[in-house]
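**Q** Annotations for this protein, taken from TrEMBL, read as follows:
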type	residues	note
DOMAIN	22-268	domain 'Nucleoside phosphorylase'
BINDING	Ser29, His60, Arg80, Phe81, His82, Ala112, Ser211	phosphate binding site
BINDING	Glu192, Asn234	purine D-ribonucleoside binding site
Amino acid sequence: MDNNTIIKSVEYIRGITDIVPKIGIILGSGLGEIAEDIENKIIIKYSDIPNMPISTVKGHAGQFVIGEFSGKNVIIMQGRFHYYEGNSMELLALPIYIMKYLGVENLIVTNAAGGVNTNFVPGDLMLIKDHINFVFNNPLIGKNHEKIGSRFPDMSCAYSEKLIDIAKEVSNNLNINIKEGVYLMMTGPCYETPAEIRMIRILGGDAVGMSTVPEVIAANHCNLEVLGISCITNMAAGILNKPLDHAEVMEISYKVKDNFKKLINDIVGEI
Ligand code: HPA
């Protein structure tokens with residue numbers, strides 16, 4: 001990612017607000033409602049920002065919301081970009097670098113995911129301990145800009161243990177049962193086959209989805225602390241004897257939204 005590309009996007013946002021957000025939050029499918037609770041909010045449509053791709057998926061609003069949440073300055077991505085929409089991996093890193101340049105230090109990444117671990121049930125929330133990049137592509141391929149980060153970023157602690165501990169404590173206090181596991185990214189947009197899900201289980205995946213990994217790689221590249229939370233919206237293909245569809249994903253994420261909101265609210269308060 002070219003430094004000038006990022007600066008151009010950041011300058012546009014800086015022309016609208018000089019709030020310095022310290023926490024970035026990416027809201028996954030059906031989880032966008034938290035953005036309604038932001039105080040003193042400024043909304044900036046992705047389509048107005050130079051160089052940003054356009055979000056095309058149902059359930060993704062396509063805008064940055066900047067303001068106060070739980071007493072902190074935050075920037076929320078209400079809707080994200082996916083590889084399966086035809087975006088390059090490199091472009092998926094742009095919003096992360098924009099948030100970094102605006103002042104973000106901690107990034108909370110959320111998504112809807114299929115449960116591969118059979119101890120999970122739809123509606124569970126899972127803290128992402130680690131991930132598997134099953135896309136065989138990487139947002140950092142290409143020229144590296146040392147200003148942003150190193151050529152070979154360390155990924156041995158991609159998800160911050162400190163933030164995981166905060167999330168566990170907060171969920172305990174809220175009486176929300178939270179799972180932990182490994183997130184594996186497939187390109188999508190089709191859901192997986194039952195054979196692929198059996199493979200993912202053997203490889204160590206607990207949940208499967210079509211996002212998050214490129215963003216977390218970029219976040220580690222530019223030294224953000226990352227917390228990842230998956231909302232298990234369905235059991236992955238072949239685990240239950242029923243077909244998968246996006247409406248079910250949206251319905252379950254809608255059902256967990258209150259718990260999810262409380263959790264994010266208190267985590268932000270504790271960071
Ligand atoms: N597979 C991939 N992505 C998903 C799923 C799934 O089962 N559910 C929600 N996002």
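Glycine too: its Cβ is placed from the backbone N, Cα and C atoms.
Keep in mind that this is a model prediction, so the values were computed, not measured.
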**Q** Across all the protein chains here, work out how many other Cβ atoms are within 10 Å of the Cβ of Ser29 (phosphate binding site).
**A** 26
**Q** Across all the protein chains here, work out how many other Cβ atoms are within 10 Å of the Cβ of Ser211 (phosphate binding site).
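**A** Taking every protein chain into account, the count is 26.
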**Q** For ligand 1, pick out the binding-site residues Ser29, Arg80, Phe81, Ala112, Ser211, Asn234 that have a CB under 6 angstroms away from one of its atoms.
**A** Ala112, Asn234
**Q** Provide the three-state secondary structure of Phe81 (phosphate binding site) computed with DSSP.
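**A** Its secondary structure by DSSP: coil.
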**Q** Tell me which of the binding-site residues Ser29, Phe81, His82, Ala112, Ser211 ends up closest to Asn234 (purine D-ribonucleoside binding site) in space, Cα to Cα.
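**A** Answer for the nearest of the binding-site residues: Ala112.
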**Q** Could you state the CA-to-CA distance between Glu192 (purine D-ribonucleoside binding site) and Ser211 (phosphate binding site) to the nearest Å?
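**A** So the Cα of Ser211 (phosphate binding site) lies 14 Å away from that of Glu192 (purine D-ribonucleoside binding site).
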**Q** Can you tell which of Arg80, His82 has the least company, meaning the fewest other C-beta atoms within 10 angstroms of its C-beta, among these binding-site residues?
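**A** Counting other Cβ atoms within 10 Å of each of the binding-site residues Arg80, His82, the minimum falls on His82.
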**Q** Across all chains shown, how many C-beta atoms besides its own are within 10 angstroms of the C-beta of Ala112 (phosphate binding site)?
**A** 24
